[in-house]
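Undergrad: Under the heading domain 'PNPLA', TrEMBL lists 149-341. TrEMBL lists 153-158 with the feature motif 'GXGXXG'. Here TrEMBL flags 188-192 as motif 'GXSXG'. Positions annotated as active site, nucleophile by TrEMBL: Ser190. Here TrEMBL flags Asp328 as active site, proton acceptor.
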Amino acid sequence: MHLFDPHRVFRELYETACSRAACEFKPGYKSVLPPAEIVRLISDSMFTQFAQFQALGTSLDWHREQLAYNSASLAVITSRETCFSCIRRRPKYNFPCGHFICEHCIRTFCHADESDPWLFLPDVCLICSVPTPGLSIRLIPDTCRTRVLSIDGGGVRGAAPIGFLKAIEDEVGIPGYKVQRLFDVKIGTSSGALAVTSLDVLGWSIEDCMTHLKKFAEAAFPRSSPFILRFFHDTPIFPTVARLLAFLHACLTDSKYPSVGLEKLLMDTYGSACQITGISNATEMGTHVGVTLTRADDGQEQPTVRAATAAPYYFPPEKMNSHGKFQDGGITHNNPACIAIREAIALSHDETEPSIVVSLGTGSGTNTGGEPSGMFYHWFPLRLWRALWKPTESKNVWKHLRSHYNQTSSINFYRFDLDFAEDEPLLDEVDKMDGIWETAHQNIRGSPDLRTLCRRFRAEFFLFELDERYPPHFSRGAYQCTGHISCRLRAKTPEYEGFMQQLCSKGACIQLGGQVLEFTPEDVQKNIRFSVHFSVPCLDSPFSVKLVEEGQGLDISGSPFTAKWLIRRQGLDMNFGTTDHRKRRAFESLDEREPKRRKRWVY
């Protein structure tokens with residue numbers, strides 16, 4: 001990379017901004033140093049660091065040297081808003097020492113696993129150099145789009161999404177591959193919050209998650225109640241009186257149930273030190289987890305989940321330190337799909353939409369369409385309540401969300417829900433959980449939507465990247481492109497071997513235009529890397545790469561592509577160097593390319 005004169009660089013790019021900033025210092029600082037002196041010191045520091053950079057040889061080494069030099073000063077400072085490793089980006093990962101690091105610095109300064117290029121292994125905190133043994137952070141490949149999971153709230157009906165997830169895991173059919181690894185972003189409300197934190201933060205299996213969800217429900221909804229309420233409830237002629245007294249009891253005590261049992265079980269399960277932004281199983285899986293509250297903020301895992309399950313009427317709100325009181329996020333976002341999509345877009349550095357959005361409902365009663373009866377049904381307060389509540393129902397939220405995305409949207413939407421023959425079970429009917437789970441699991445098994453979704457998941461294990469040694473160039477009336485296709489699953493693992501064996505037995509292949517790349521038994525023991533060469537009329541022309549299984553072709557992750565999008569995502573257009581200090585490999589002749597794999601052409 002060409003090195004410019006640092007004096008001219010400072011004068012042209014930084015001097016005016018530094019002068020303006022120095023003049024805006026608080027009055028107490030002006031008596032110490034005048035603005036001109038501050039600017040001079042900044043420029044001298046820049047020139048000194050430039051000389052150090054030249055002596056070290058690379059900007060990467062220089063940056064590491066600066067972090068080490070300032071580690072003592074930075075060790076006592078923490079921020080959730082700014083990554084102190086680069087002082088440029090919002091951080092994502094909370095290290096055990098308390099420092100927050102951004103994804104970009106993880107990719108830049110941490111070494112990747114030898115067999116997995118997307119799994120990074122930080123040895124120490126980049127800011128304070130505290131050792132981090134056993135820490136691993138998985139990042140999403142540059143050319144992949146995110147996959148989103150949204151789980152509704154619903155008390156004991158939260159068993160339904162667990163049943164749906166079990167059906168998805170079975171249909172994907174890769175031995176030993178947990179369903180939570182299929183998604184990159186997960187957002188849950190109420191019981192859905194318990195599900196996503198249990199699956200990702202704790203790394204439980206679907207079966208363990210269902211078992212513990214029942215324990216949570218039994219602890220949250222004890223069968224004991226005051227004697228007077230039990231008396232009227234057990235007397236057939238007083239059901240209305242029993243309901244009225246139960247409502248009055250909840251108003252006087254601020255909740256229908258005490259929160260002590262649920263809080264104790266949550267504390268025993270998650271512990272007091274676990275944080276939702278901390279390093280966990282989700283970090284190793286490369287997933288981002290969120291729960292909805294009345295107000296969004298981070299806190300310790302146990303009170304965060306406790307607040308996420310504080311359903312009005314059933315439980316009192318949870319106070320979280322000095323942030324105020326929080327209640328169940330289902331009050332305003334029982335279906336958090338729109339929040340999940342916004343978070344997925346925000347996590348992408350270029351605001352790329354996710355490729356898959358799966359929304360799991362907790363069921364609702366069947367509306368027969370008849371005219372309801374009752375003395376007070378048309379009473380104004382009840383009509384107002386229905387008018388306010390109806391738009392927030394999960395089904396209506398989903399319809400509203402889908403109406404915002406037309407047929408040209410690249411997002412693939414899937415919604416799985418239950419329609420109960422009568423009224424849906426109440427949030428506290430614990431004895432119905434097993435039946436709800438089984439109904440949900442059986443209802444979608446074999447459905448066309450489930451089959452297509454899971455085929456799409458299998459296709460998105462593959463990704464395509466342009467070969468940075470041969471950037472797209474215009475020749476013979478088109479842009480000539482070279483790239484390779486690889487798999488996010490890695491060789492020497494049971495999941496990869498099982499997946500490759502399935503593809504070989506089915507005669508599956510990768511298809512790009514007329515090129516067909518077939519899987520062979522040799523692929524089971526090594527990481528696949530299909531090299532391809534093709535041309536496009538312009539850099540904005542879309543092209544698709546598909547996995548074809550049993551005659552059905554579905555796009556791999558990120559497909560359909562454009563060369564322009566790939567160039568931007570891979571940073572191949574940064575002529576003055578990349579922000580991650582990556583050195584590009586020297587241009588090689590066509591004769592030096594790796595040998596071509598066996599392929600055939602379809603005309």
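Just so you know, glycine gets a Cβ as well, placed from its N, Cα and C.
Curation plays no part in TrEMBL annotations; they are all automatic predictions.
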Undergrad: Going by DSSP, give the three-state secondary structure for Ser190 (active site, nucleophile).
TA: coil
Undergrad: Across the motif 'GXGXXG' (153-158), what are the DSSP residue counts per state (helix, strand, coil)?
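TA: Per-class counts: 4 helix, 0 strand, 2 coil.
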Undergrad: Can you count the other CB atoms that lie within 10 A of the CB of Ser190 (active site, nucleophile)?
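TA: Looking across every protein chain shown, the total is 31.
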